[in-house]
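Taken straight from TrEMBL:
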- 1-10: compositional bias 'Basic residues' (COMPBIAS)
- 11-22: compositional bias 'Basic and acidic residues' (COMPBIAS)
- 702-711: compositional bias 'Acidic residues' (COMPBIAS)
- 71-99: domain 'DEAD-box RNA helicase Q' (DOMAIN)
- 102-277: domain 'Helicase ATP-binding' (DOMAIN)
- 299-452: domain 'Helicase C-terminal' (DOMAIN)
- 1-22: region 'Disordered' (REGION)
- 691-754: region 'Disordered' (REGION)
- 71-99: motif 'Q motif' (MOTIF)
Amino acid sequence: MGNKPKSKSKSKADRKERRSAELDEISLLNEWIESQKPDSGSNPLALKPLPDNAPVGRLHDGSFSAYSAATKFSELPLSKKTMDALKKAGYVKMTEIQRASLPHALCGRDVLGAAKTGSGKTLAFVIPVVEKLHKERWGPEDGVGSIIISPTRELAGQLFDVLKTVGKFHNFSAGLLIGGRKDVEMEKERVNELNILVCTPGRLLQHMDETPNFECSQLQILVLDEADRILDVGFKKSLNAIVSQLPKHRQTMLFSATQTKSVQDLARLSLKDPEYISVHEKAESATPSRLQQTAMTVPLDQKLDMLWSFVKAHLNSKILVFLSTCKQVVKFVYEAFKKLRPGIPLKCLHGRMKQERRINIYSQFCEQRSVLFCTDVAARGLDFNKAVDWVVQADCPDDVASYIHRVGRTARYLSGGRSVLFLTPSEMKMIDKLKAAKVPIQVIKPNMKRLQPVSGLLSSLLVKHSELQELAAKAFIRYMRCIHIQKDKDVFEVKELPIDKFAASMGLPLTPNIRFVKKLKGKQLSVGESSVLELETSGGEPPAEIKRQKAETNKLREENLDLPAELLSLNDSEDEDVEKDLLLSKQTENEGIEKSAEFGDAVLPTRISKKKKKLKINIHRPVGTRVVFDEQGNTLPPLARVAGANNDDDLSLLDKDKRNEYYKKMREELMKVDKVDKVLDRQRRRDKRIKEKVKRKRGLGDEEEGSDEDLSGSGADEGTNGRKPKRSKIYFNSDSDDDGETRGKKESAIDDSISLAEQEALALKLLDAMHQ
Ligand SMILES: Nc1ncnc2c1ncn2[C@@H]1O[C@H](COP(=O)(O)OP(=O)(O)OP(=O)(O)O)[C@@H](O)[C@H]1O
């Protein structure tokens, strides 16, 4: 925008002449538009197209051509500047949605437009925006004349690019206002000079709230792209707040491939006799006709195998993989597959990434053959430059609308594309819903002979990379929570899922504990769990509305960060829930309470690594025994040997039976160590109590020691004299991030008594056996 025509002369006379020509053009356009207005409620697509080479504009007899019947941009009452820009970009013929909506939009009517994905809706609203301000002779001093709102930042960026293309020869100023950009202060200084804003709801609201003198009282035209999403419950508060600051007298346009029909929603926007334009309503399918859509049943515990096999079989394609809407799942699959090196570049995109990275990844994927793992952040509106060959929905979409938008990333405009949907047996009801919504999807049987199992490799990877282990546990917990909070219980039901098998398929040695799953199963809670549970239930169950809002906000946050602060804090509590589950899993694992029934693996404690890790030296380790350290200097669990196998012995551990046998042995040994730990701990406490009593008798107790309660209760990890206790020098796993209770168990009292040292030697022996 702002590029000036080459012939521009600086002289006053020229400027005057140009202004007068522009005014003439505008008055001609207004006359033309007014005289040939399509009837309200009429469908321009039903009109007979203008004959080729028919005169356009003012005709010999002083009347005007019928632009409602236009099929080419050149037949519309558009300014020369817009027309030149469209021509330059290669746009000649209009798509159906453009033909149907532009005649109504150009004469200032409110429009509710629905058309299939990739059918050209963007031009259908960008052209009227530019034309409206041009005809009003809008200038910098007039302030904000138009606002285009998009639900995601990437889409806003893309809309901004289209606006720049169409407005190339106009003189408006336009700005892209999205979250995640550092230059918000600079933005605040300049936002009042902008004529057209392309923005996400959160960022717009931020300016409305914080930017001095920012106002939109002169707004002429408001556009909501992906309108049904923006009108959805997640954006409700933001949108209401935005709309309350806009003048009622304006033109409003809503576009989406899945349009809202809710009268309530429309009332919120105070639409005036809107034109309902749904060009594909009567079409046989709700999705592009050049899109081949398939679905297959994939048990949850084979999903990763299937996805891996798919990627390996399509190394020359550009593939978009949608996973459950949570960054943990996307991150885990991306990180794990990356380590397994499939032979094609892999990328991942989710709403919690830094904006700069998001933009880089988005543009790299536009240019390069690769696999992009993403959340629904990429589900709507994005038009990847070079065609996407495959859309894989590895996790079931929330609903039919979500499915339609996801598959719509391929088969855009005139190109073809293919999609595949993985459904677990309990999610197969989604097929009926899709078919009822006119989605022509074919259920096919996967070729199991070509399945390349990956779970074994994953468990080895997890042993080798402790950070991946935690990521896997988080992904598992988050996935389950996502399913749990889904609205459609016909399709999403946690109870139907093979939870343990699924955890094993991710390479997890044990199934992480999730509080709500336990509640669903009606299990008795163990002592270790109660403290965590109290946190959740002490204030009673959160009201259904809060839960729903939390779920919705979580989804939005995965898509973009431009949300008001109160919603973000709700979402943080969702993150905390995952951390709590992780903590609970760790506690129970360490206490040996839960054992994986089907997967005879050793108990590998999952860690929450927040604190900086320190290198720990085991001074008690007998000389000559091998200890494996990771990059951070933690001693790795003995199973790390399996993944880092570099001799025949070690390799033999990759054999499934042998590995299971090895795991079993490890578990037995661990249980023994655990018992010894408990004995040591009891002994230590007893010794302390005795010491205390003796001291108290001598009258020293009050000054030097903590209270009785501290020593006998949970304060097992509280040392004497108010100091932190010394830590054991032997670590089965890093202890720097262990929780207090576990740590308490692992702490020894080597400096306390000789008898304890002896007992510890026994523990050392057992631990040592594992390091060999
Ligand atoms: N009249 C046209 N002639 C040629 N190409 C067009 C025309 N209109 C749009 N396109 C191209 O079609 C592609 C899809 O357009 P657009 O992104 O506007 O689709 P959409 O309907 O908004 O899709 P979605 O529902 O996914 O947001 C773009 O690459 C765009 O450049």
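Using N, Cα and C of the backbone, Cβ positions are placed for all residues, glycine too.
Across the residues of the domain 'Helicase ATP-binding' (102-277), the predicted structure has a mean pLDDT of 92.
Residue counts for the domain 'DEAD-box RNA helicase Q' (71-99) under DSSP (helix as H, G, I; strand as E, B; rest coil) come to 17 helix, 2 strand, 10 coil. Remark: secondary structure over the compositional bias 'Basic and acidic residues' (11-22) totals 11 helix, 0 strand, 1 coil, with classes taken from DSSP.
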